[in-house]
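I have placed the structure first, in the form of structure tokens, so that the comments after it can refer back to it.
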Ligand SMILES: Nc1nc2c(ncn2[C@@H]2O[C@H](COP(=O)(O)OP(=O)(O)OP(=O)(O)O)[C@@H](O)[C@H]2O)c(=O)[nH]1
């Protein structure tokens, strides 16, 4: 899926608690296989220990770097699951691996409040572990709101969700839930009880649906076993799913994960429809869709609108000298530099090939010149590493502040300015104003 350029290093995001997974298994082969699958499938780095003693040594320094641990139940120096207790004592949730399985063992391990207990008998199972590691890693950035008027049950829900590393919010009333949802952007899942005083689950779900559709916010309704029609009433009022209380913890996690992944899938499909696959910038179609709105607002409110066209100088030479893969890398790097050089409110898109377009509101000529010079100089001073070589490129930019009838005609005028900038020697900008 094309992803928008990232100007903030996610590794330093204070919300992300750990970036690595700890693998504890006395089989080197399993550790190596897991390490490879966690990297390939989950994009997650790992550190491994072959025994309880080695795990202790790894955890002696900065255990906060681990967001989860995959723990073999039987180690040479531990056969009673001491490694599970060890990682949990450091606040690290555990995925437990066993070579064989029976119901009594499963019960005993799940009672230790682990993420899951899985077999490690086939490569298929190892992939399953890696998928779970990816899920837990991602959960660190997924916000979930739990709503229940019973304080005890609410803290139980919160605990279950925190074990899977979600960022959890709790509310004891529907009204409080609505307050949290408005104050905290980006909540993806609400789990709400039905039986609550003042505002019951159905009233809360109805209110939530007025703000966010099913495809954007998942809701799971919970209720004690009661009226047979209750699940269907919850679903009809807008819940995506229903779970009777009390539930099996494993079923709870299955449903939470399914609902979160549904939301992520819809989001990914939406994103890939509006983003260019090489750069992650908006594609031309979506750029125009948004640009028409900005243009209409600028006309209505009488604010200045600048249309900018820019392209990479002598880009054909980059392809000819270093090859098309290098050319693609240069286009990606320039896109990233541009994205980091403008404000969030500005609109940037890939126009085609090595050409980009930007719309900016509220700038006079002098301020626009400052922005364009900043972009020009940022690209010039950002060499791109490719196969041990460093490629430097420059850009030329053309811009108009003449607010004509449509976006296309403004971009045509900006393109004429870009042509002048090329003609005057490249690596520069030309701005057209109304005077
Ligand atoms: N690698 C790569 N090359 C592309 C892509 N899209 C277009 N190109 C190449 O970009 C080059 C654009 O070259 P020209 O339009 O001649 O312009 P230029 O060499 O940049 O020269 P000036 O614009 O005049 O400075 C062509 O060789 C295209 O094949 C792409 O997605 N990836």
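Every residue, even glycine, has its Cβ placed from backbone N, Cα and C.
Since we're looking at a predicted model, the values are computed, not measured.
Taken from TrEMBL, the feature domain 'Response regulatory' covers 20-135 (among others).
According to TrEMBL, the feature 4-aspartylphosphate maps to 72 (among others). Within 10 Å of the Cβ of residue 72 (4-aspartylphosphate) there are 24 other Cβ atoms, across all protein chains.
According to TrEMBL, the feature domain 'Response regulatory' maps to 143-260 (among others).
Secondary structure at residue 193 (4-aspartylphosphate), taken from DSSP and collapsed to helix, strand or coil, is strand. The 4-aspartylphosphate annotation in TrEMBL covers 193 (among others).
If you look up TrEMBL, you'll see 303-434 marked as domain 'GGDEF'. As a summary of secondary structure, the domain 'GGDEF' (303-434) carries 59 helix, 37 strand, 36 coil according to DSSP.
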Checklist entry - Cα distance, residue 72 (4-aspartylphosphate) to residue 193 (4-aspartylphosphate), nearest Å? => result 36
Checklist entry - 10 Å Cβ neighbour count around residue 193 (4-aspartylphosphate)? => result 23
Item to check | Tally of DSSP helical, extended and coil residues in the domain 'Response regulatory' (20-135) | outcome: 55 helix, 28 strand, 33 coil
